[in-house]
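Engineer: The structure follows.
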């Protein structure tokens, strides 16, 4: 489950970092011999996330944002580098990853068991998320019958369910209407107040003031913006 | 020009999945090479002509099946993108022509592979033009069947089971494997094509003749393909689309949710029951009144036993249908849940607990298909040892369900489906079949159905159990497949990609 060279343990390199990545490299192989070529996406990314910090990760299309996110989550192995993190991690992938024939309620129940929440804690968190994101009326609807926006809410809700110490959100508000977008930021604000760290990927950032800092992926490296 | 360009792009898309191309060639070749002779023998046994006619027809059967599966997946995979193309201004007629041409090109690859294999295996006969044209007509007719099912059935598991079902009915009850003059089987899609292709005049084609009917079927198939692909492009609407918990809690939640998900696929539930039922009943209805000789073990000795075909045919056909179905059920249960499972394990779900949940759901599906098959088999066949017969049937269903679980991650959707069709058919339908040979050949002892197949025949025909060795082989297969599934699941559902 851990990425190559990753140390998902309780000993972060920095003094306060809840998530730290050092020297992450990733190259994709494309095509077959003799037309094989290599695409270098990440060329030594260093990144650290302190408690209570909301960080934006931006970059052009194809700059490697989602690749970096997957490496940080442990869904993709890096060619080189280490990832260390403390505490629980919540991950919201760019494309909603859900089971087509299960309802929203059933998804929360299943992920509650994955996170190790008690039934009571899971139901409370589920209620709060329905209320915060405004999709309670779809609680008993199968995901293959949800609209794109509601599916995005469920996708985000599954990452937020266990109130994890680190939240990694890949384009989380892409399908939201403006009201939901504002409610999303309220939720992020509450998490920040509680000392949770949030890394948000976006191909463009409109409200820079909402972030503590913004990092740009350029030429395979992370640079402050 | 536009149509040709789109066709090229669609073909390039298909070619970029190398396993697709591999199975387009591999499946027909293996089918023709391995199945031609045994099917010819089966044909004679079942009242058909047998001999070269049946061997020639295998090329058409292989090309037809591949054409239907290729067209089905084209229709499903490209639906949304095709709609965007039409919305962007592409004339629907050009898109339809490109899709049909792509399907035909893929079918041609399968046809060429089938015919080359046939030439190498038995020779193509005195009239190669007729064989070539007949095989092509098979492909065209099955393209329409694939397109039609692709339009009507969204779920790949349901769609491929339906394709398999139509194909099995068409082949097993067609004029080469059965008698050519039954009125009820004249409506099968390739009835007249087969008769014309193997030069076996039907005597019931009227003025238009067998070739006339065959061409009418092919032309109608083209028209149906055109209509359904156009309709799909025009009318389809976009679809709205720390510490982990305790192992016991996760297992219970995993099985519960897995079952809910499975029961919401009502079409699959109905197919799991209907396919074996129809298959067994039709097999019995079309069995000629003759006897055959089987090799069985009794009291530690190998004996030849005379058996009356109508009495045993249903009992020996049932496992083929259940094995094919459970392979597909295993394949799609794991494939459909793969990305969700990966996310669930990242969130803390124990990988092996999740696998146990998935296997429990698959096993219940296998039991449902076996129960339906046994219930109908019991009305037409009387096993000598019913408890052992049931156990062997369940063993076959579980073995093939686990093979399905492995096929998905190894070969993907299309490749997995084609192998899921080929393997149970060759193993149980041909090599282990007591109808075709008195005992399985040496190499077939290595196939997954051997152990359970021998136990099944022992239970069906003899009063006492004598197949301890094959039973142990069957259990070893089950254990090995479970271990392989666990290793595969850990790698695909939980490990990072490279």
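Heads up, the Cβ atoms here are built off N, Cα and C, so glycines get one too.
Please treat TrEMBL annotations as automatic predictions, because they have not gone through curation.
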Engineer: Taking B:244-260, B:295-311, B:414-430 as the choices, which stretch does TrEMBL tie to transmembrane segment?
Structural biologist: B:414-430
Engineer: Among B:388-407, B:448-467, find the range that TrEMBL records as transmembrane segment.
Structural biologist: B:388-407
Engineer: Between the stretches B:21-40, B:52-75, B:96-119, B:131-153, B:211-233, which wins on the count of C-beta pairs under 8 angstroms to the transmembrane segment (B:414-430)?
Structural biologist: B:21-40
Engineer: Ranking B:52-75, B:96-119, B:160-180, B:211-233, B:388-407 by Cβ pairs under 8 Å to the transmembrane segment (B:131-153), which is first?
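Structural biologist: Looking only at B:52-75, B:96-119, B:160-180, B:211-233, B:388-407, the most contacts with the transmembrane segment (B:131-153) come from B:52-75.
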Engineer: Between the transmembrane segment (B:267-285) and the transmembrane segment (B:211-233), are there at least three Cβ pairs closer than 8 Å, leaving out pairs fewer than 6 positions apart?
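Structural biologist: No, these stretches are not in contact.
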Engineer: Apart from its near flanks, which chain residues at least 6 from the ends of the transmembrane segment (B:160-180) lie with a Cβ under 8 angstroms of it?
Structural biologist: 39, 42-43, 46-49, 53-54, 57, 61, 64-65, 68-69, 72, 142, 145-146, 149, 153, 188-191, 194-195, 198, 200, 202, 268, 271, 275, 278-279, 282-283, 286, 288, 321, 324-325, 328, 417, 420-421
Engineer: Which one of these stretches, B:21-40, B:52-75, B:211-233, B:316-335, B:471-489, has the most C-beta pairs shorter than 8 Å to the transmembrane segment (B:96-119)?
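Structural biologist: Comparing B:21-40, B:52-75, B:211-233, B:316-335, B:471-489: B:52-75 has the most Cβ pairs near the transmembrane segment (B:96-119).
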